[in-house]
């Protein structure tokens, strides 16, 4: 679940702590880009866009999750979900260095794609790999992963951890760590038996 539903929970909660820092960052960078000071309404609009574009990315990711899960298999599709996660971490982590608040918007969109993919495929993969007696218990791990992701996001956002002005880009790029963990560990996991039997017609592999 660390590269699945955890990513969704993390991104939902992690955006709350650096709100004022990101608004200040927009105020600083806007004049350099557009030659005029932004109004408070524009700052609020840009901040709202940063928060809500995650849902648009989630819609895109969720819409393509079914196709990718059938075309490449559950495991490979979950590995693919780490690509937008790492891209979003790079964009948001380097946004202040590059002086571009637009990179935060693009990063949030990319993180949303990851969340939409990971949440849906996680449920499929875990449910199909679980033994019949444990299927209900294993399916609940998605909800647990979301809750743990939210908790970790709030914990990282504390002022004693990464919730300070100097460290907010690192906080926004924190989703790179679970993505890397999954990239290193998931290749050792088996493919979904249901995928092998129904989509690949590999009865021996399924057994």
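In case you wondered, yes, glycine gets a Cβ from its N, Cα and C as well.
No curator has checked TrEMBL annotations; they are predicted automatically.
Checking the ranges 5-26, 137-158 against TrEMBL, the transmembrane segment annotation falls on 137-158. Beyond the ends of the transmembrane segment (170-189), by six or more residues, the same chain brings 2-3, 6-7, 10-11, 14-15, 17-18, 75, 78-79, 82, 85-86, 88-90, 92-93, 95, 104, 107, 111, 114, 129, 153, 156-157, 162-163 to within a C-beta distance below 8 angstroms of the stretch. Across all of the domain 'Major facilitator superfamily (MFS) profile' (1-207), the predicted model scores a mean pLDDT of 93. Beyond its flanks by at least six residues, the transmembrane segment (137-158) meets 1-2, 4-14, 16-18, 119, 122-123, 126-127, 129-130, 171, 174 of its own chain at Cβ-Cβ distances under 8 Å.
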